[in-house]
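Below: one structure, written as structure tokens.
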Amino acid sequence: MTPQARAQAAIDLLDEIVASARDAGAAADTLIARYFKTRRYAGSKDRRAVRDLVYRAIRRAGERPANGRAALVGLAREDASLAALFDGSLHCPAPIAPDEAGSPASALPAWLAEKVAPILGESGLAALLERASLDLRVNTMRTDRDAMLAALPEAKATAHSPIGLRLPEGTKVEASPEWAQGLIEIQDEGSQLISLATRAAAGMTVLDLCAGAGGKTLALAAMMGGGGRLIAADTDRSRLARLAPRAERAGVTGIENRLLNPNREGDAIADLMGGCDVVLVDAPCSGTGTWRRNPEARWRLTPDRLARLTAIQSRLLDLAFTLVKPGGALVYAVCSVLDEEGAGQAQAFVDRTAGVQADKDLFTTGAYRGPGKLLTPEKDGTDGFFVARLIKA
Ligand SMILES: C[S@@+](CC[C@H](N)C(=O)[O-])C[C@H]1O[C@@H](n2cnc3c(N)ncnc32)[C@H](O)[C@@H]1O
């Protein structure tokens, strides 16, 4: 592909990504993969170049652009070599009109910037949009970190998680024999710290209330070493179904699955009432802490959606606490840097609940905020997370 044709491909893709963000459709990564599946003429260098252009355009536009051309013209206004590709030749973008400004540059939509900037500051906000490294969790049921450091020469030990490795962004780890053998899992270091904060151990009854496809469930299983009772619950049948093959690859057996009914989540887990040593609530959230990986998610979040999420989080916190046994712990986590989902949400729960105490002895990294800790890309090198460990008297 010529550089001009790559620019046109980026515009076409950005059109799809903008529409998909507006209509709650597929994520940018999925759309990009689909696009190239049907365009075999694009070689690996073309794909990389188009993808880079697309993500540069997404990162610089906090507000959802009108369309793909507006997104790329905005970028071209700051990059003369890109602007030169708008030359109007066959399969290439039409020339940029003198009064065609393109989409404006900003980090976030204004209503979100107001919330995030006081918490993270300008530099913290910028770090939220930088490219993320690729983190792995070592499956301690099958191997140890030193062995994996030796097997993966590009990997470095993570700074805070004792079971983590860090690789350069874009490393094709899923093609490695170590991944195929279940020795490693892709998992951000912050997510690893959340699992470790549960202090799940052999012999315990542990419920992962929002297990999804089981990223943290598998980490909990490794901490429990196959001993005890581990239950994975979620309202999403297809996500939960992805756990079984992952568990098989990781050599984990015996995880119980419970499919929950939205709004009546307690029904399918009523037998666990007051019986869990640990309940992990890795709650559905805005995902503001993961924008490094999904920067177009900024275009999907609305005040209404945020309000719906905070209502679910509050309900799940109350439910989860009824499932914890005296002396047990509720670990609440969101991959968000917003106080209404994190520190504020956890504080409101503590304020309305009798017999709960926040554990102030969490992992060493992160900054205490309300009853828990906030991890950020800038300060901790992880995705943005809030996590609190709340102990039942
Ligand atoms: C942040 S994701 C969990 C990620 C997962 N723990 C992991 O480590 O891969 C939040 C999950 O909450 C689930 N969820 C949404 N509403 C829920 C509800 N009312 N009760 C339980 N789970 C819910 C979603 O389906 C989603 O899988």
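A Cβ is built for glycine as well, from the same backbone N, Cα and C atoms used for every other residue.
Across all of the domain 'SAM-dependent MTase RsmB/NOP-type' (124-393), the predicted model scores a mean pLDDT of 96. Residues or ranges marked as domain 'SAM-dependent MTase RsmB/NOP-type' by TrEMBL: 124-393.
DSSP assigns D282 (S-adenosyl-L-methionine binding site) to a strand segment in the three-state reduction. Taking the Cβ of D282 (S-adenosyl-L-methionine binding site) as centre and 10 Å as the limit, one finds 25 other Cβ atoms among all the protein chains shown. The S-adenosyl-L-methionine binding site feature in TrEMBL is assigned to D234, D282.
What TrEMBL lists as active site, nucleophile is C335. Taking a C-beta cut-off of under 8 angstroms and a sequence separation of 6 or more, C335 (active site, nucleophile) has the following same-chain neighbours: G190, S191, C285, G287, T288, G289, T290, D383, G384, F385.
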Listed in sequence order, residues with CB under 8 A of D234 (S-adenosyl-L-methionine binding site) and six or more positions away: C210, A211, G212, L240, L259, L260
